[in-house]
Amino acid sequence: MIFSTFEHILTHISFSTVSVVITLHLITLVVNEIVGLYNSLEKGMAATFFCITGVLVTRWVFWKHFPLSDLYESLIFLSWSFYIIHMILFFFKKEKNSLSAITVPSAIFTQGFATSGLLTEMHQSAILVPALQSQWLMMHVSMMVLGYAALLCGSLLSVTLLSITFQKDIIRIFDQPKHLLNESFFFSKIQYMNEKSNINIVQNISSSSVINYYRSQLIEQLDHWSYRVISLGFIFLTIGILSGAVWANEAWGSYWNWDPKETWAFITWTVFAIYLHIRTNKKLRGTNSAIVAFIGFLIIWICYFGVNLLGIGLHSYGSFTL
C-alpha cells in the first residue's frame, strides 16, 4: 500500500512538472532571449527524470521484477529513455535548442498516454507469466525500448528536415515567377535605376542569401544528428533482437518463430539498415535518407504499439484493449 501510494505521488508530480516544463519549452522556442526560462526548463526536465526513475524503482522493489512486463511499464520506460537522450544531448551546447524540440514533446506525449485513463487496468502489475520469469527480461526489453526511443528521436529529426526542405521548395516555386519578372525588369530598365534602388536590391539579395544559408546549415545539422541518433538506436535494436532470439530459444525452444512482434521488429531493423546503407552514399544523403527514416518512424509505431492491439502471438501478454 505504501509503495503504491508513493508511486502515484511520484507519477502525479512528474506529470505536473513536465506540463510546466513543456509550457516553458514553448516559450523558449518563441523568445530565445530569456535565458532564465531555459535554465528552468532543464531543471524541470531533471526533476521529472528523477521522479520517473523513482516510479520505475518503486515498481521494481514492490513487484520484485524489472518494470518492463506490460505496455504501461514499457511506456513509462520509453518516456524515461527520452529524458535520458535529452540529458545526454544537453551536453552538446550548440545543438541543445533544436534537439530539445524533439525530445521534450516525445517524453511528455508517451508519459501522458501512459498515465491516461486508457491504460488504467494495466497500472497494477501482476505476477509474471512463466515466459517472462527470466534474467533476459531486463536485457532484451530494455535494449528494444532504448532502441525505439533513439530511432524515434532520429526519425523525428529527419521528419523536421523534410518539412524544412519541402517548405523551401514551395517558397522557391512561388518566388520563381517574381524573380524572373524582377530580373527582366532589372536588365531592361537598368539605365533608369538610381543608387537607392540598387542598394535596396542588394539588401534584399543579401537577406535572402542569409536566410538560405542558415536554412541549409540547419538542414545539414538535422541530417547529421539524425544519422548519429539513429545509428545509436540501431545498435540498441540489434542487441535487443539478438538477446530476444537467445531468450526465445530458452523459453520456447526456437530462436525465431515469425511471431507478429518478431516480424515487425525485423522489418524495422531492415528499414533502418537501408537508411544507414543509403547514408554511405553522399549523393543520397539529406532528403532521400530522411524519407526512409520517416517510413521507419511509422513502422516503429506499428511494431511497438500497433501489434499490441491485435493481442495475438507469443507476445500477447503485452496487448491491451481500448
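The backbone N, Cα and C atoms fix where each Cβ goes, and this holds for glycine too.
Residues or ranges marked as domain 'Cytochrome c assembly protein' in TrEMBL: 68-315. For 12-32, 44-62, 74-92, 139-164, 225-248, 263-278, 290-314, the entry in TrEMBL reads transmembrane segment.
Remote same-chain partners of the transmembrane segment (44-62), defined as residues 6 or more beyond its termini with a Cβ less than 8 Å from a stretch Cβ, comprise 3-4, 6-7, 10-11, 13-14, 17-18, 20-21, 24, 73, 76-77, 79-80, 83-84, 86-87, 104, 107, 111, 125. Most Cβ pairs within less than 8 Å of the transmembrane segment (139-164), among stretches 74-92, 225-248, 263-278, 290-314, belong to 225-248.
Regional average pLDDT for the domain 'Cytochrome c assembly protein' (68-315) in the model is 77.
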